[in-house]
Amino acid sequence: MFIEQGINTGNKFWKYILGSIFVIGASFLGQMPMLVLMLFETALKGKKYPTTDAELLHFFEPNLNLFLLLIPFVFALGGIYFAVRFLHRQKFISIITSREKMDWKRVFFSFGIWSVFTIISTLLMCYVSPDDFKFNFQLVPFSILVVIASLLVPIQTSVEELVFRGYLMQGFANLFKNKWFPLLMTSCVFGLMHFSNPEVAKMGNIIMIYYIGTGLLLGIMTLMDEGMELALGFHAANNLIGALLVTSDWSAFQTYSIFKDVSEPVAGLDIILPVIVVYPLLLTIFGMKYKWSGWRDKLTGAVV
């Protein structure tokens, strides 16, 4: 079973703490290019040093800014690989799936189904509330965005999945010897990781329901399917298609997307609806396709 692949007497929980510190350190190292460029811009060009998240998000040209924001995840990926292979002495595939190799059909199916949903729902919102969206398409900047986002956004989302649904979920299972605590804990930590996002400041803490709910969805996918392939596809589609389709002045990703949301954001049904309606429907689709069974044991049972 996937969650039990990290269970062995040598995998003490302090190793997961040390490994997490190493991954965070690698991520900080990846922030050096942004810091160097910021110092260059402020010292030699006289630009004001950004002191808020909003100022930071608008400090560089959007494509350069996106590139610099995503580079730390490349370093973090190296950090995760080092921790798994040399600190825990596990095969890297063991924190991804219980299958002998990655099931790319699962990844692409999940990516496809969520991409279609995201595109249709976005176009529907543009049709229903045309005044809330502005056509933002610029061929050359958008083409550059497609290259940057297609290369780096899947790395960003994969790193988050490897950390939360892979590394930490197995780590908490090692410590607590059950499945429900790792599922809930990693979902909450995943949600809280987004607490500093500008969307939270703009829309209020209620949006944390969406972030934690999304973490719970991804965790359930991983435990029920005995691997994170479906979670990898969903997460990549969610962030990549979102970055290409819609941006706003208050979102975490400032991009040359096709549309720009110019409305004043209000947290409402669009926050709650995915968690209580769309996500259960998605789990039902996956469950039927992949013939999931034993939900209670796989989500709350003991780890031996």
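Our numbering is plain: 1 for the first residue shown, then up by one each step along the chain.
Glycine too: its Cβ is placed from the backbone N, Cα and C atoms.
What TrEMBL says about this one:
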type     : residues : note
TRANSMEM : 16-40    : transmembrane segment
TRANSMEM : 66-87    : transmembrane segment
TRANSMEM : 107-127  : transmembrane segment
TRANSMEM : 139-159  : transmembrane segment
DOMAIN   : 144-241  : domain 'CAAX prenyl protease 2/Lysostaphin resistance protein A-like'
TRANSMEM : 180-197  : transmembrane segment
TRANSMEM : 203-224  : transmembrane segment
TRANSMEM : 236-259  : transmembrane segment
TRANSMEM : 271-288  : transmembrane segment
**Item:** Mean predicted confidence [pLDDT] for the domain 'CAAX prenyl protease 2/Lysostaphin resistance protein A-like' (144-241)
**Value:** 95
**Prompt:** Where else in the chain does the transmembrane segment (271-288) make close Cβ contacts, counting only residues six or more beyond its ends and a cut-off under 8 Å?
**Reply:** 110, 113-114, 117, 203, 206-207, 209-210, 213-214, 217, 220-221, 224-225, 230, 234
**Complete:** Spatial neighbours of the transmembrane segment (107-127) not adjacent in sequence (6+ beyond its ends, CB under 8 Å) are 133, 221, 229-234, 236-238, 241-242, 245-246, 259, 278, 282, 285-286, 289
**Message:** If we skip the immediate neighbours and take only residues 6+ beyond the ends of the transmembrane segment (16-40), which ones have a Cβ under 8 Å from one of its Cβ atoms?
**Reply:** 49-50, 59-60, 68-69, 71-76, 78-80, 82-84, 87-88, 163, 167-168, 171, 174
**Fill in**
Under 8 Å Cβ-Cβ from the transmembrane segment (139-159), and at least six residues away from its ends along the same chain, one finds 62-63, 66-67, 70-71, 73-74, 76-77, 80, 232, 235-236, 238-240, 243-244, 255-258
